[in-house]
Amino acid sequence: MKNLKKMINRIWEVRFVFLSFILLLFFCQFMLQYREAIWPKLYMLIALIAGGLALLFSKLNDPKAIARNTFVIISFLGIANSLILPVRQNLDENTHYYYALQIADGKERIQTDEMNYLMVSPDFLAITKLPSKPGYQSKENTNLYTKEFLELDSIPADYTYKAVSPGKFNNPAYIPSAIGIKVGRLISDKLFVSYYMGRIFNLIFYALIAFLAVKHSKKYKKQLFLLATIPYALWIPAGYSYDSLYYGLILLVFSQLVNFLSKSTKTNARQLIVYEITCFLLVFCKAPMILLAAVPLFLPTENYYGKNIKFKVFFMGILVALASGLWLFQEAILRYFNQIIDNPNIQIVTNPNVNRMTYFISHPLYAFEVFIRSFSDMIATTTLSVEVPQPFFISAKTLSSINLFVFASLFLLVILAFNEVVPRSLKLVLTSVLVIIATAVIYAISGDSRVFTIGDLYVEGVQGRYHYYILATLPILFANKFRSGLNSIGILVNTIDQEKIAIVLMKTMLILNFLNTAIAVFGYL
């Protein structure tokens, strides 16, 4: 009875904000200049329920509830995004779905290539054949309004097909989606249920990691909250993708790393082991990021508890490198032990970029120009991801401007709010690591023949979402200079109210994410 009374009081408290959400939902579609007004009742209801639940369960006036609010905003609005996002409309979503399906079927190793899997899995074939605007230039997308999709039954895969031959181990990053698919199959025999459950479980997995990162952080909560709720971080994990693991782990890495800077409590070996394991897990989504495992080596000795701690860090780093190598070169290792047998029914596709390293080395000037041009493109691609967070979405110019302005303003605010002193040596190390990682990412993407072939002027496929780790680092690198610069001109930043900043962040990001969800209700149809 007491809890019911609290809930009623809470509903009364947020009534005006919820009313503003209703008005925002009804009028935001007029930002879209490329379609007439429509009123999709189901999707509008989903958006309103998500916004209402986010308001009810969040504590936006309590800065101490920032971790809780992180989970609430990501969960409710992210689930709405999962339902609104058309089938196969996330980035390379069908490929990610192909991996998740195999894990859901209990296959720890990849059974065949994506093309032959169409013959193995009726579910995968059915999803692949559905209409898609970006995929097949269809006039319509497949969504909860598509009768054909809703009537499809989930049919078990047949792994006795002639082209089945176990290969590399499947990526553990797809386990949350696979669990969702499995749960969906238990709930209903309809394919759309398991499809959306796979998406939702992936999203909830990200929300949990983000919650842990913000809760565990001592001095970096506001910065992590902003990154965790940046709109594209609520859209990409809302589909089949391993970026949910990438974003979550980056949040965890910087949550721990900034904790290590604290002089009030010293870092022990157990905490370093957890950090190194977190860095190792990045090999499953963005392998170059494991270089972050080396950063604790360059922290001041006085930040550590115990003797020979840096030797232990170095030893753990070696173990991380070895374990990562085992994963990255597993195919060669499995072939050496005759655990992979070539199947004549599987066509081997040659990659024209496979020898690009040799070409880059023998043409250093060309390689230099390619990488410099690709580096110069990073700012543009990063801002584009902020402006248009929804995958394959024709956004409104007004919404893009709002997204960029709001995020840029809040980002400057969280840089200003970070008052931990960071050693200059650590800044140099972090900058060097970022440059190396960015170079490695560009090189890795250059291996995809869809976006780069030898002779191109730059690597086009390096999307802004890949640079999430850079956004996480910028407050650490520039906060001290930014604050001292403002103090020197008479703006006393030490007097700013940290709690008010947290409240402004939480309220603004909830509204911004609801706006992006609301406009997608109309833009994706």
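Placed from the backbone N, Cα and C atoms, the Cβ positions cover glycine too.
TrEMBL has this to say about the protein:
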TRANSMEM  12-32  transmembrane segment
TRANSMEM  38-57  transmembrane segment
TRANSMEM  69-87  transmembrane segment
TRANSMEM  193-212  transmembrane segment
TRANSMEM  224-240  transmembrane segment
TRANSMEM  246-262  transmembrane segment
TRANSMEM  274-299  transmembrane segment
TRANSMEM  311-329  transmembrane segment
TRANSMEM  392-416  transmembrane segment
TRANSMEM  428-446  transmembrane segment
TRANSMEM  503-524  transmembrane segment
Task: Mind checking which residues of the chain, 6+ beyond the ends of the transmembrane segment (392-416), have their Cβ under 8 Å from one of its Cβ atoms?
output: 28, 31-34, 89, 133-134, 222-223, 226, 230-231, 383, 386, 471, 474-475, 478-479, 482-483, 486, 493, 496, 501, 504-505, 508-509, 512, 515-516, 519-520, 523-524
- line: Counting only residues at least 6 beyond its ends, the same-chain positions whose CB falls under 8 A of a CB in the transmembrane segment (12-32) are 38, 44, 47-48, 51-52, 55-56, 394, 396, 398-399, 514-515, 518-519, 521-523
Statement: Residues outside the transmembrane segment (503-524) whose C-beta sits under 8 Å from one of its C-beta atoms, at least 6 past its ends, are 21, 24-25, 28-29, 31-32, 35, 38, 40, 43-44, 46-47, 50-51, 54-55, 58, 60-61, 63, 66, 69, 73, 77, 80-81, 84-86, 89, 141, 143, 222, 225-226, 229, 231, 234-235, 389-390, 393-396, 399, 402-403, 406-407, 410, 413-414
Statement: The answer for the transmembrane segment (246-262), taking Cβ pairs under 8 Å and residues 6+ beyond its ends, is 205-206, 208-210, 212-214, 216-220, 223-224, 227-228, 233, 236-237, 271, 274-275, 278-279, 281-282, 285-286, 289, 292, 295-296, 299, 303, 420-422, 426, 468-469, 472-473, 476
Intrachain residues whose Cβ lies under 8 Å of the transmembrane segment (224-240), provided they are six or more past its termini: 66, 69-70, 73-74, 77-79, 81-82, 85, 89-91, 93-94, 96-97, 100, 174, 177, 198-199, 202-203, 205-206, 210, 213-214, 217, 247, 250-251, 254-255, 385-386, 389-391, 403, 407, 410-411, 414, 465, 468, 471-472, 502, 505-506, 509, 512-513, 516-517
